[in-house]
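Novice: For reference, Swiss-Prot lists these features for the protein:
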ACT_SITE  Arg94  active site, proton donor
ACT_SITE  Arg157  active site, proton donor
BINDING   Lys46, Arg94, Thr129, Phe130, Arg157, Gly186, Lys211, Val244, Trp303  (Z)-N-(sulfonatooxy)alkanimidothioate binding site
BINDING   Glu260, Asp264, His268  Fe(2+) binding site
REGION    1-24  region 'Disordered'
REPEAT    34-82  repeat 'Kelch 1'
REPEAT    87-133  repeat 'Kelch 2'
REPEAT    139-194  repeat 'Kelch 3'
REPEAT    203-249  repeat 'Kelch 4'
Amino acid sequence: MAPTLQGQWIKVGQKGGTGPGPRSSHGIAAVGDKLYSFGGELTPNKHIDKDLYVFDFNTQTWSIAQPKGDAPTVSCLGVRMVAVGTKIYIFGGRDENRNFENFRSYDTVTSEWTFLTKLDEVGGPEARTFHSMASDENHVYVFGGVSKGGTMNTPTRFRTIEAYNIADGKWAQLPDPGDNFEKRGGAGFAVVQGKIWVVYGFATSIVPGGKDDYESNAVQFYDPASKKWTEVETTGAKPSARSVFAHAVVGKYIIIFAGEVWPDLNGHYGPGTLSNEGYALDTETLVWEKLGEEGAPAIPRGWTAYTAATVDGKNGLLMHGGKLPTNERTDDLYFYAVNSA
């Protein structure tokens, strides 16, 4: 039986210019016919640069945006970014010396950076890496990730959502999901028809003394209208537990691809066991479907940069780079174009 969600994989050509090259643990966001890329690593836990790369879908060429305004001061890995309208927002990330970036926006019309929030201030969100970001028309959301830590405390994971109100420039933490909710990094995180979904991720046990650092297959959503969290049971072609996978929303579907399905004994320094499978979750029926494999990336990968995008009039999942089973990084640019949803 053919899946309900029909689409096709397209390897996007990159015809030159100065681009990000092979990397992982970076962030991308799409605005109009441009793709923006920031941060990342080529070797484990070593930053590369703090340039903002711009890909033009019309010419299929890369360039570097000139750093006008309050540009990022830290070369980041484990950073995330999202787009709202014509602005992109970056949050967190760190360099190899554990200097952490803050929260900034970049106006794609004026090509100017704006400093918005210093992280780790009292009453505001904490600095972090390997978190997840999502957005709607009025908010930027940050979920999970790994804390900064320090000389007196060990880095830990988060389980809460931080919400930034774009209109008034203020942060608020949404209701805590409670002790039965795993703290996670590298989770799927998406706004679908007004609800905020958390899908899978790399988890810390909810049982005192239990096993930490494992792949989760939990799926929950937060409803801003009722201010309540709900954990759901999904069915169908359910993917195995995983983290650091590419994902995007198209209609009522959360599309995911690849990711780490088993952690490496050397932690982030190794590749882990990676996937090259794609799935779509219908958030109304809670049924998973497996995506078609024709044209999909043949080599498994994780820690890709990802975003929802519209390319040639079709909505879908766009992803760049990632870590391969050889522990090398790739600079592939792939788009899963949805034909029907």
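Keep in mind that glycine also has a Cβ here, set from the backbone N, Cα and C atoms.
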Novice: Look up Arg94 (active site, proton donor) in the DSSP assignment and reduce it to helix, strand or coil.
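Specialist: SS state of Arg94 (active site, proton donor) = strand.
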Novice: Near the Fe(2+) site, what residues other than Glu260, Asp264, His268 in the same chain have a C-beta no further than 8 Å from the centroid of the listed C-beta atoms?
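Specialist: Sorted by sequence, the hits are Val244, Pro263, Asn266, Gly267, Tyr269, Gly270, Pro271, Gly272, Gly302, Lys323.
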Novice: When DSSP states are grouped into helix, strand and coil, how many residues of the repeat 'Kelch 4' (203-249) land in each?
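Specialist: Per DSSP, the residues of the repeat 'Kelch 4' (203-249) fall into 0 helix, 24 strand, 23 coil.
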Novice: Whole-number answer please: how many Å between the C-alpha atoms of Arg94 (active site, proton donor) and Thr129 ((Z)-N-(sulfonatooxy)alkanimidothioate binding site)?
Specialist: 7
Novice: At a 10 A cut-off on CB-CB distances, which of the binding-site residues Glu260, Asp264 has the highest count?
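Specialist: Of the binding-site residues Glu260, Asp264, the highest Cβ count within 10 Å belongs to Glu260.
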Novice: Checking the recorded positions Arg157, Glu260, Asp264, which are within 10 Å of Trp303 ((Z)-N-(sulfonatooxy)alkanimidothioate binding site) at the Cα level?
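Specialist: Matched recorded positions: Glu260, sequence order.
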Novice: Please work out the helix, strand and coil residue numbers for the repeat 'Kelch 3' (139-194) from the DSSP assignment.
Specialist: 0 helix, 25 strand, 31 coil
